[in-house]
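Colleague: I grabbed these lines from TrEMBL:
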DOMAIN    A:271-378  domain 'ABC3 transporter permease C-terminal'
DOMAIN    A:661-773  domain 'ABC3 transporter permease C-terminal'
TRANSMEM  A:15-40  transmembrane segment
TRANSMEM  A:273-292  transmembrane segment
TRANSMEM  A:312-338  transmembrane segment
TRANSMEM  A:359-380  transmembrane segment
TRANSMEM  A:435-454  transmembrane segment
TRANSMEM  A:655-675  transmembrane segment
TRANSMEM  A:705-732  transmembrane segment
TRANSMEM  A:752-770  transmembrane segment
Amino acid sequence: MTALDRKVLRDLGRLWAQALAVALVLASGVATLVLAMGAYRSLDETREAYYERYRFGHVFAHATRAPDSLIVRIAAIEGVAAVEGRVVESVLLDVPGLEAPATAIAVSLPDHGEPSVNRLYLRTGRLPEPGRPDEVAVNENFATENRLSPGSAISALMDGVKRTLTITGTVLSPEYVYALGPGSLVPDNRHFGILFMSRRALGSVFDMEGAFDDLSLRLLRGADEQSVIAALDLLLAPYGGTGAYGRKDQLSHAFLDGELTQLLAMARIIPPIFLLVSAYLINMILSRLIALEREQVGLLKALGYSGLQIGVHYLKLVVVIACVGVVVGFAAGTWLGAGLTRLYGEFYSFPFLIFQWSVGTYLAAGAVGIAAAVVGALRAVHGAVALPPAIAMRPPAPPVFHHISFDVFGRLGLFSQLTVMALRHLWRWPLRAALSALGTSLAVSLLVVALFSFDSVEFMVDMLFFQSDRQDATISFAHARPPAVREAVLQLPGVMAAEPFQAVPVLLRHGHRERRLAITGKPMATDLSRVLDLDLQPVVLPETGLVLSERVAAILDVQRGDLVEVELLEGHRRSVRVPVAEVIQSYLGLMVFMNLEALWKLTGEGPRVSGMHVAIDEAKLSALYAAVKETPVVGSVALLDATRLKFRETIEQNMLVMTTVYVVLSVIIAFGVVYNSARIQLSERARELAGLRVLGFTRWEVSRVLLVELAIVTVLAQPLGWALGYGFAYAVIAGFESDLYRVPFVVERDTFAVASLVVMAAATASALLVRRRVDTLDLIRVLKTRD
Amino acid sequence: MDGAAADGFDPASGPHQPVFVIEGVSKLYRTGEVEVRALNGVDAVLYEGELTVLLGPSGSGKSTLLNILGGLDKPSEGTVRFRGRELSAFSERQLTLYRRDHVGFVFQFYNLIPSLTALENVALVTEIARRPMKPEEALERVGLAPRMDHFPAQLSGGEQQRVAIARAIAKRPEVLLCDEPTGALDSQTGIRVLEALSAINAELATATAIITHNAAIQAIAHRVFTFADGRISEMRENESRVSPSEISW
């Protein structure tokens with residue numbers, strides 16, 4: 001080992017506390033990068049593997065009733081690898097121990113062999129016997145939530161007939177990784193389940209013998225999805241086909257995609273903050289170290305070392321610190337990433353998890369971490385390289401101070417000389433003060449980013465459940481009914497009000513842009529389920545024309561007044577050109593509304609409703625539940641209260657984990673920045689402070705010079721941190737926006753206050769830690785040596 | 001050197017009380033495995049209004065004694081009494097108050113606060129002292145009133161040292177301890193600094209101790225202590241003092 005390398009080690013030994021603070025900040029950046037990328041890749045890989053092994057479909061379609069003979073023709077479409085025709089129907093369940101009715105989707109299983117598409121993973125028990133109408137397998141989460149196991153019995157209302165079903169096993173399906181019931185915003189596994197039943201049995205119950213109403217296809221590698229969809233639509237059209245679609249419109253897949261998008265957004269926004277702060281801290285420490293070692297630099301040059309050798313010497317110090325940070329970051333990121341992936345595994349239904357920690361992720365994160373440190377060091381190292389030896393051997397000229405405007409206050413005696421010292425010191429190095437403030441403000445901003453999501457969710461819950469969807473429950477009918485059904489619904493016990501709605505699947509087309517969506521028809525003025533714009537003002541649905549959410553308008557590239565081609569995917573399947581009456585901004589993604597009567601004219605099938613939003617008298621809830629469980633026309637019931645609870649619970653649980661991580665990381669940044677600023681100040685001003693002690697100032701009075709300056713910088717950092725946090729939060733929200741929903745951007749004042757309090761507490765703690773060093777200043781030695 | 005205390009200091013100039021009574025003071029420093037005896041049984045008495053010069057080579061112990069007198073360090077053995085109170089028994093807090101109220105320091109490298117002007121550097125002390133003079137008056141005494149709004153970087157070395165002296169005397173200290181006050185200055189500037197110290201000693205009757213390597217300076221003292229190997233090897237009273245303007249080096 002060369003003498004210079006020994007110096008690197010000794011310097012590290014001397015600066016260990018500051019070096020550790022930098023390493024931890026850097027580690028945080030590397031960890032978040034590894035965490036986000038690792039969780040993203042693991043989840044992506046797990047999903048891919050699950051899809052492949054269990055043959056998840058590529059194209060999906062529904063029809064009213066298509067003969068099994070059609071399957072052969074569908075299989076013959078170019079690019080199709082496998083076809084599975086199934087019976088898929090919604091049923092109403094009466095689960096022991098659950099007062100409210102539960103909704104389920106019943107999916108048929110082939111009577112011979114495994115399904116060629118969407119295979120099941122059997123977790124416990126066995127699959128139902130072919131032809132047994134009383135046997136079902138259920139999805140694992142529904143079984144767990146309702147404490148059902150093989151052998152348990154549930155009661156089901158199937159096509160108007162009440163049956164008792166015995167559970168034979170619990171399963172997982174790649175189709176329902178994210179099992180979202182009708183009318184729900186998050187999975188509610190207690191009230192929504194998937195039943196798997198023998199094809200023969202389900203077919204006979206729903207009068208589907210020799211026919212299917214649902215289709216999943218797998219495509220050959222390289223097949224053209226669009227042309228398969230077009231061919232499939234042609235074949236299914238006579239049988240009530242509602243238009244085939246690919247994975248991107250498959251609900252479970254789309255939600256998983258949204259989650260992956262969010263992980264990527266996290267990887268893009270959070271780590272750069274840490275890397276920036278690390279670069280700044282390295283710059284700060286190294287500049288100071290080189291300033292203190294001017295004479296040594298001069299000496300080394302006098303001895304014949306080149307500028308390059310000296311530059312490399314200091315870079316080695318930085319690289320060692322960065323390597324420590326990278327290694328700690330790898331460990332923390334891997335550990336947290338595995339935890340996060342497991343959390344996802346629990347939330348989503350995966351039969352297995354693949355932890356995908358690719359070498360590439362580590363290499364990239366490590367390289368980025370070290371690069372940030374080296375970039376931070378460049379300015380200081382350049383300073384050392386450029387110092388001419390003769391100048392380096394002389395102490396630097398004393399800094400020149402100037403009178404500043406607040407000297408007036410000093411003259412007036414408003415500030416003590418100690419405060420004036422602190423103020424002038426700040427004023428003398430405004431850039432450094434600004435950078436310190438920036439570092440601290442980044443900690444504040446990170447906390448704002450971590451905490452604001454609670455505000456947004458609070459707002460979203462209020463908006464969705466108390467402003468927009470104010471109904472207590474939504475009843476969907478198994479098949480569309482005439483509007484007079486409203487009278488019957490009102491007759492149900494406890495129903496105080498009922499508002500009809502109709503959902504019609506359509507293909508919207510404008511020029512070459514098209515999108516498969518549902519038009520929701522509502523009465524012109526509604527009280528329960530309301531259409532709101534971003535200002536939460538109710539939107540009155542015009543007598544004609546479509547009301548589109550902004551996102552749909554953007555997808556179709558239309559504005560108010562443009563004509564959109566509406567292709568009906570049910571019934572007559574005709575195409576009509578309809579004007580865009582209004583474009584509204586809304587939090588829920590792809591919404592198309594229409595006045596109910598206008599929609600009836602559009603479909604040409606006369607007045608029909610898909611379901612009712614109802615207000616319920618809570619006192620009569622039990623009676624209503626009991627009645628609904630016996631009502632044949634009801635296809636599904638979504639209880640808003642249960643959804644509301646589940647929504648909060650799900651989102652807050654996820655947020656709590658992330659918030660905890662962010663708070664820890666912010667404290668590390670605040671601590672790192674303030675601790676390093678204080679240590680550097682102390683080393684630069686040791687002589688000055690020791691001088692004050694000699695003059696008879698107490699330790700606290702001397703510390704005050706240091707603390708006042710740190711306090712000013714910390715306080716200045718707050719508003720900047722709020723502003724940055726607001727900006728980062730906005731970027732996060734924008735990154736999270738998907739077709740499914742848009743998170744409202746709300747930051748409450750409390751959030752700023754809490755962020756500031758946490759950072760100020762961390763700053764105070766680190767400042768006090770450094771303050772203790774003032775006590776140990778060696779008065780004699782400091783005054784004897786020259787700066 | 002026995003008898004120095006008994007000899008006292010020129011009683012002709014008035015009744016003078018002892019300020020410091022130093023008895024059997026030793027100081028040991030331990031650095032690693034090496035033990036250095038910086039002071040080895042020093043006895044002395046310093047009086048009110050007296051100007052003392054401490055001469056001797058590097059490492060002879062004069063700075064160590066000065067640091068002990070100033071409350072910056074404590075003796076390993078022996079006692080130092082300041083106006084009858086035992087300094088060596090003071091707590092950290094008491095030493096701070098002692099420095100604040102009674103001692104003025106002047107160092108070779110001035111130790112001014114670069115971010116404060118000359119006036120403010122002096123005010124730094126007057127703000128916390130018990131019965132200070134006005135900072136302007138202190139600067140007046142060292143002849144720097146016209147430059148009181150200048151920052152240290154805008155002052156010459158001699159001017160900076162005179163600001164340091166003004167800062168040291170502004171609290172009307174009973175003791176003024178100067179460690180090589182002219183060490184970093186040319187002779188002409190050094191003499192101006194000595195003039196300032198001498199004038200203050202005469203006007204305020206401050207017990208003043210000046211450490212120096214420069215033998216020429218001893219002529220301005222009432223008494224001269226010569227240090228060697230941690231002891232006072234010689235004590236000499238000046239029969240006839242000269243004013244700083246009459247010396248040169």
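Keep in mind that glycine also has a Cβ here, set from the backbone N, Cα and C atoms.
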Colleague: At a C-beta cut-off of under 8 Å, are there same-chain residues at least 6 beyond the transmembrane segment (A:705-732) that contact it? List them, or none.
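Modeller: Apart from its flanks, the transmembrane segment (A:705-732) reaches 265-266, 269, 273, 418-419, 421-423, 425-426, 433, 436-449, 452, 674, 677-678, 681-682, 685, 688-689, 692, 745, 747, 752, 755-756, 759-760, 763, 767, 770-771, 774.
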Colleague: Of the listed stretches A:312-338, A:359-380, A:435-454, A:655-675, which one has the most C-beta pairs under 8 A with the transmembrane segment (A:15-40)?
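Modeller: The stretch with the most close Cβ contacts to the transmembrane segment (A:15-40) is A:312-338.
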Colleague: Using Cβ atoms only, state whether the transmembrane segment (A:273-292) and the transmembrane segment (A:435-454) have three or more pairs under 8 Å that are 6 or more apart in sequence.
Modeller: yes
Colleague: At a C-beta cut-off of under 8 Å, are there same-chain residues at least 6 beyond the transmembrane segment (A:435-454) that contact it? List them, or none.
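Modeller: Same-chain contacts beyond the flanks: 269-270, 273, 276-277, 280-281, 284, 652, 655, 658-659, 662-663, 665-667, 669-670, 672-674, 677, 713-714, 716-718, 720-722, 724-729, 732, 743, 746-748, 751-752, 754-756, 758-759, 762-763.
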Colleague: Apart from its near flanks, which chain residues at least 6 from the ends of the transmembrane segment (A:359-380) lie with a Cβ under 8 angstroms of it?
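Modeller: For the transmembrane segment (A:359-380), the far contacts come to 22, 26, 29-30, 33-34, 37-38, 41, 271, 275-276, 278-283, 286-287, 289-290, 314-315, 318-319, 321-323, 325-326, 329-330, 333.
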Colleague: What are the DSSP helix/strand/coil residue counts across the domain 'ABC3 transporter permease C-terminal' (A:271-378)?
Modeller: 92 helix, 0 strand, 16 coil
Colleague: Over the span of the domain 'ABC3 transporter permease C-terminal' (A:661-773), count residues by DSSP class, listing helix, strand and coil in order.
Modeller: 97 helix, 1 strand, 15 coil
Colleague: Determine the mean pLDDT over the domain 'ABC3 transporter permease C-terminal' (A:661-773), rounding to the nearest whole number.
Modeller: 86
